[in-house]
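This report refers to the structure that appears directly beneath it.
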Amino acid sequence: MTEKEVVESPQPPFPGETPQSGLQRLKQLFKKGSPETAEMEPPPEPQANGEAVGAGGGPIYYIYEEEEEEEEEEEPPPEPPKLVNDKPHKFKDHFFKKPKFCDVCARMIVLNNKFGLRCKNCKTNIHEHCQSYVEMQRCFGKIPPGFRRAYSSPLYSDQQYAVSAANRNDPVFETLRVGVIMANKERKKGQADKKNPLAAMMEEEPESARPEEGKSQDGNNAEKDKKAEKKTPDDKNKQPGFQQSHYFVALYRFKALEKDDLDFPPGEKITVIDDSNEEWWRGKIGEKVGFFPPNFIIRVRAGERVHRVTRSFVGNREIGQITLKKDQIVVQKGDEAGGYVKVYTGRKVGLFPTDFLEEI
């Protein structure tokens, strides 16, 4: 114990406050801390100004903390992969002489002086403004020559056939192609087995003539020499088919695709042996015998002449003229009149100038 230690009376926390009132205030604070008293106490009544007054007489302020919600930024969607066309069309500017329909919009290509686009491989025709619709469309390549047998075209080559076969991947197309080839072979075999009366007569004539000539010329060498001298080269080269009232001449070039097909150039004379089938006839040129499509030839009757066009000519339909191209084969149907003659091409008949015709 020191001298400074003196028992001091507790001083009130606020000036002018008695010790008794300070004790009461402490009691009230302890009462607030106990849970039982907290449940029993009524809530503070709000005053007119909206403030709540506590038990101690002072206002109670409520502080609200606003929680700001952070918006998560959405990630941008990934860019779709760019599609790449491995076999696009090869379009080129093309002038359509005849009206064609667009393969995209199915409308006729008539605007801009009939200019449009045509694929180099598959021959697809479209408008220029329709090109964007076929950018991702695959080009199926060149059409195989096996389905173009009704046309005279230089596409009949092994090299182009191999290219078209390499571009072809459709199994349905392969099945149909094989079926068509097998059907043609079976049909041709059946036709070869049937005997044609015309061919039988042609084969029997030389056989029946040989024994008669042998009997009459036995031991007569002098007479044989005389008969040989009397025979002219024209009589030897005569063919049985040309002794009839008509014969056939090739209009177009036909190149054989199979072994039993008959190959011939335009203007060649052909002897028809079997015409029972509408799609394939059997004919003979010299010693060659084979099948060919009938729309490649034309019938020439007695008194008619065959000509070759030496120069292209555009005729006037109003006066009955016909338009023909160079090297085309035609048949004359009448006499010359005014420098023009009536000709027939198998499909069209009209007047053509005689100066542009060469007889074959």
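Note: Cβ is positioned from N, Cα and C throughout, glycine not excepted.
Annotated in Swiss-Prot:
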REGION    1-86  region 'Disordered'
COMPBIAS  64-77  compositional bias 'Acidic residues'
ZN_FING   88-139  zinc finger
REGION    187-241  region 'Disordered'
COMPBIAS  207-238  compositional bias 'Basic and acidic residues'
DOMAIN    243-302  domain 'SH3 1'
DOMAIN    303-360  domain 'SH3 2'
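Mean pLDDT of the predicted structure over the domain 'SH3 1' (243-302): 82. Sorting the zinc finger (88-139) by DSSP state (H, G, I as helix; E, B as strand; all else coil) yields 11 helix, 14 strand, 27 coil.
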